[in-house]
Amino acid sequence: MSAVGIIAEFNPLHSGHEFLLNQARLIAKKDPIVVLMSGNYVQRGEMAIMSKWDRAKAALQSGADLVFETPFSTAVEPADLFSLGNIDQLAKLGVTDLVFGVEDANLNFAYLGSRIAEIPQNHMDFKDYSQTYSTQYNQMVAHEVGHEINQPNAILGLAYAVANHNLGSPLKLHPVNRIGAGHDDILQRSGVVQSASAIRNLLLHGEDTSNLKYWMPKNEANILAKQKVYPNWNLLYPFLKYRIESSSIEDLRRIYQMSEGLEYKMKQEIHLARDFTEFLRRIKSKRYTYARLRRLSLYTLLNVTYDDMLDSFNHESLMLLGFSKKGRQYLKQNRKNIQTEIISKVDKRSAKSGSLALQVRTDRLFEQVMGVDQNFGQRPIEV
């Protein structure tokens, strides 16, 4: 039995994601749909708007057959490492095809991925410090492939393609034209497909939630409407401020991705910034994107060191969040062929090492904010 994979955050899951799952079903036919979903922290360096369990349940109710949690050491990384870790894990799960949404599905992602994969070997050292690495990299991509690719889903799709090429192309790529709004924070006046960013923005600003049921599964909409806390950086900023102010320079230097004196800059500016947005502006330079600095701030808040990430990455396992009857059958039939450890229950032993140890530790802050246990005592959702 083969399987079709989706890499997702579902933060939150909305009508556009339901469309993608439906397209995946057309490709999978009778085979299962396997989702690798980021947990309680997402790639842009933030807490997810709702728990991984609620988002996994929404995915299962929308057509997924298996939902696994992407380890923190892959989920909170730049696009290249995010893609590499996710595709590697999908391949180890026996997934044969990858479905992903893009702005233009006519692009030959497999071909472009093979072309772009050669760029880092030829251009390892980007010297223009007046621009971010990502800006220079995107310019090099445009030069190599003959046209600019600057739409967010296309950029991520290319990262998938490059990672897939570098891993020996274990997955067949199926780009699907995405529907609905772009990635901006503004709700569209017409149409039922809103962006996840716009939905999060509505929730964080305390606006009317009565229309949520038109933009996402009703059960998920009800959970979000009743949720008392919506995690965001303004809520977390006092904790970050305490962490930076109470840490020594040596402690900060051990934080993952802390480089080029940023520990001094963070120490200096945290006293002056009134909120997280101002703090980011104060430490921002042309060498670093806001996404990179948000991730660094998250690593700092959670005290995630280089050693933590290395240990997690070298001992990755996958937490099973939920399954359907078809998903259970797939795991049973392919047990001997699956090349990664699957964990369905967190206990004291499994929580002490590898990716699960980092997951349990980082989830403690989410538990404090949301007031709901995320690991101990939880069992995979069955639909």
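Backbone N, Cα and C define each Cβ position, glycine as well.
Cβ neighbours within 10 Å of Phe10 (ATP binding site), excluding its own Cβ and spanning all shown chains: 28. For 7-20, Gly101, Asn153, 178-179, the entry in Swiss-Prot reads ATP binding site.
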Site with most surrounding Cβ atoms, counting all protein chains shown within 10 Å, from the binding-site residues Ile7, Gly16, Phe19: Ile7
Residues that sit under 8 angstroms from Leu13 (ATP binding site) by C-beta distance, when 6+ apart in the chain: Arg55, Ala58, Ala59, Ser62, Met216, Pro217, Glu220
